[in-house]
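Engineer: Look at Swiss-Prot and you will find 175-178, 201-204, 234-235, 254-255, 277-279, 357-361, 408-410 tagged as NAD(+) binding site. The site 'Transition state stabilizer' annotation in Swiss-Prot covers Asn178. Swiss-Prot lists Glu277 with the feature active site, proton acceptor. If you look up Swiss-Prot, you'll see Cys311 marked as active site, nucleophile.
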Amino acid sequence: MKKQGSPSNPAPVLPALPEPLKDLKIKYTKIFINNEWHDSVSGKKFEVFNPANEEKICEVAEGDKADIDKAVKAARKAFELGSPWRTMDASERGRLLNKLADLVERDRLTLATMEAIDGGKLFSTAYLMDLGACIKTIRYCAGWADKIHGRTVPMDGNFFTFTRHEPVGVCGQIIPWNFPLVMFIWKIAPALCCGNTVVVKPAEQTPLSALYMGSLIKEAGFPPGVVNIVPGFGPTAGAAISHHMDIDKVSFTGSTEVGKLIKEAAGKTNLKRVTLELGGKSPNIIFADADLDEAAEFAHIGLFYHQGQCCIAGSRIFVEEPIYDEFVRRSIERAKKYTLGDPLLPGVQQGPQIDKEQFQKILDLIESGKKEGAKLECGGGPWGNKGYFIQPTVFSNVTDDMRIAKEEIFGPVQQIMKFKTIDEVIKRANNTTYGLAAAVFTKDIDKALTFASALQAGTVWVNCYSAFSAQCPFGGFKMSGNGRELGEYGLQEYTEVKTVTIKIPQKNS
């Protein structure tokens with residue numbers, strides 16, 4: 001076993017890192033409905049590519065509206081009153097989830113290798129962090145399965161009143177490409193814990209780990225129709241979920257632009273419940289009294305983790321004037337140390353962007369930063385001859401009106417801005433349509449508490465960044481989304497509260 005982390009903030013002990021599988025065989029490329037594998041109704045398939053070398057991995061069945069209809073029918077049948085799933089003890093649902101966690105742990109190496117090949121994620125990150133988080137999240141939800149219950153209510157009059165926390169029903173779940181397996185688990189685990197059935201659409205760029213999970217869900221013993229997985233494209237399969245009249249809830253992680261379309265579709269159809277985890281442009285505020293070593297390192301990781309492809313990336317770094325130049329110097333030095341390459345190889349610290357579209361978007365935003373007057377300190381262009389690699393890029397002298405300071409870049413591009421006063425930086429930090437996360441680095445508890453309450457964000461970190469746990473709710477303010485995932489709050493998103501009142505002859509206290 002080995003430890004990772006700084007002396008002042010050590011990370012938990014992590015398992016030893018094995019070598020990735022050298023010859024990964026892709027077994028599951030069809031649509032998963034009713035615990036069975038199906039070709040798409042149309043017979044269409046789409047290609048899946050490795051972003052590190054642009055080579056085709058395989059072809060996957062392309063689901064569309066007809067396949068979503070099939071999956072919803074299966075999920076609805078599994079949710080019927082009297083079905084094996086609806087009559088199952090809550091503790092048994094928890095046992096099945098724990099069994100699923102055991103299987104994920106057993107196949108951790110396969111899934112981590114798949115995430116690296118399919119999504120360009122560093123194998124070390126996938127194995128140690130992503131798979132570790134998946135297993136913990138499943139077990140956390142498993143533990144809650146028989147602890148979700150209502151209350152008795154002291155209603156006036158001769159009545160006995162209680163509440164029931166019932167599953168919402170059939171849940172459509174649309175998964176992003178940046179954390180395909182983690183987001184799959186974030187969505188299915190609480191839904192199943194509460195007794196719902198699900199129809200999942202993984203991102204077309206990264207469908208492989210979700211399909212592999214279908215095999216584990218069947219092996220764990222979940223009844224047919226409880227989990228259905230339909231790979232496909234947003235405008236077809238995703239839109240079919242959003243507009244479906246027999247889906248009771250949709251949960252989506254992705255761009256704010258698509259989130260708006262999903263909420264609009266819900267409003268135009270059956271007013272299905274909607275949980276949205278959308279974009280961000282998160283402020284990270286560094287005061288002169290902060291521990292500069294830790295602040296610079298957390299700011300670096302908070303931006304460059306997974307090639308900057310994180311919704312919570314600390315992409316607006318505000319540094320107090322007295323330490324600005326030194327902070328910029330350290331940031332440049334840190335970025336220049338990166339080793340880019342095949343995410344399966346040991347020693348590689350940055351992999352590729354997910355696809356050509358994202359690659360070009362990031363390069364265009366870098367060019368806009370140059371044209372608008374930001375100082376390019378390092379990086380600024382593509383890397384290598386093959387794959388969608390971009391050099392770690394640092395800009396200084398960034399102003400709030402520049403595109404790179406306003407738009408979500410979703411790439412390895414760090415923007416460093418200067419501030420003088422507390423009131424000024426609070427206003428600037430909140431001057432955005434987003435509100436997903438924020439951080440402040442200071443040794444002054446009064447400053448920390450001031451910012452914890454003043455910053456308009458669903459998560460505020462103090463003297464750390466990207467600290468996540470299955471117990472902690474996560475979600476956005478403003479246009480970064482609605483609702484919460486993880487923690488007890490996340491479970492509440494998957495239940496409906498019903499009030500039951502019974503007339504009785506006499507009520508006694």
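In case you wondered, yes, glycine gets a Cβ from its N, Cα and C as well.
Keep in mind that what you see is a predicted model, and the values were worked out from it rather than measured.
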Engineer: Could you give the Cα-Cα distance between Glu357 (NAD(+) binding site) and Cys311 (active site, nucleophile), in whole Å?
Structural biologist: 17
Engineer: I need the CA-to-CA distance for Ile175 (NAD(+) binding site) versus Cys311 (active site, nucleophile), whole Å please.
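Structural biologist: Given the Cα positions, Ile175 (NAD(+) binding site) is 13 Å from Cys311 (active site, nucleophile).
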Engineer: Please report the distance from the Cα of Gln360 (NAD(+) binding site) to the Cα of Cys311 (active site, nucleophile), rounded to the nearest angstrom.
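Structural biologist: Roughly 18 Å, rounded to the nearest whole number.
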Engineer: With the cut-off set at 10 Å between Cβ atoms, which of these binding-site residues ends up with the most neighbours? Options: Glu277, Glu357.
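Structural biologist: Counting Cβ neighbours within 10 Å, the top one is Glu277.
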Engineer: Looking only at Asn178, Gln360, the binding-site residues on record, which one has the least crowded Cβ, with the fewest other Cβ atoms within 10 Å?
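Structural biologist: The binding-site residues Asn178, Gln360 were compared, and Gln360 has the fewest Cβ atoms within 10 Å.
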Engineer: Per DSSP, to which secondary structure element type does the residue listed as 'active site, nucleophile' belong, with helix, strand and coil as the options?
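Structural biologist: DSSP assigns the residue listed as 'active site, nucleophile' to coil.
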Engineer: How many whole Å apart are the CA atoms of Pro235 (NAD(+) binding site) and Cys311 (active site, nucleophile)?
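Structural biologist: Cα-Cα distance, Pro235 (NAD(+) binding site) to Cys311 (active site, nucleophile): 22 Å.
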Engineer: Let me spell it out: for each of the binding-site residues (Ile175, Ile409), count the other Cβ atoms within 10 Å of that residue's Cβ, using every protein chain shown. Which one has the most?
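Structural biologist: That would be Ile175, with the most Cβ atoms nearby.
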Engineer: Which number gives the other C-beta atoms within 10 angstroms of the C-beta of Pro235 (NAD(+) binding site), all protein chains shown included?
Structural biologist: 11
Engineer: Work out the three-state DSSP category of Ile409 (NAD(+) binding site).
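Structural biologist: The residue in question, Ile409 (NAD(+) binding site), is coil (DSSP, three-state).
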Engineer: Is Ile175 (NAD(+) binding site) helix, strand or coil when read with DSSP?
Structural biologist: coil
Engineer: Roughly how many Å lie between the Cα atoms of Cys311 (active site, nucleophile) and Glu277 (NAD(+) binding site), rounded to a whole value?
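Structural biologist: Computed Cα spacing between Cys311 (active site, nucleophile) and Glu277 (NAD(+) binding site) is 9 Å.
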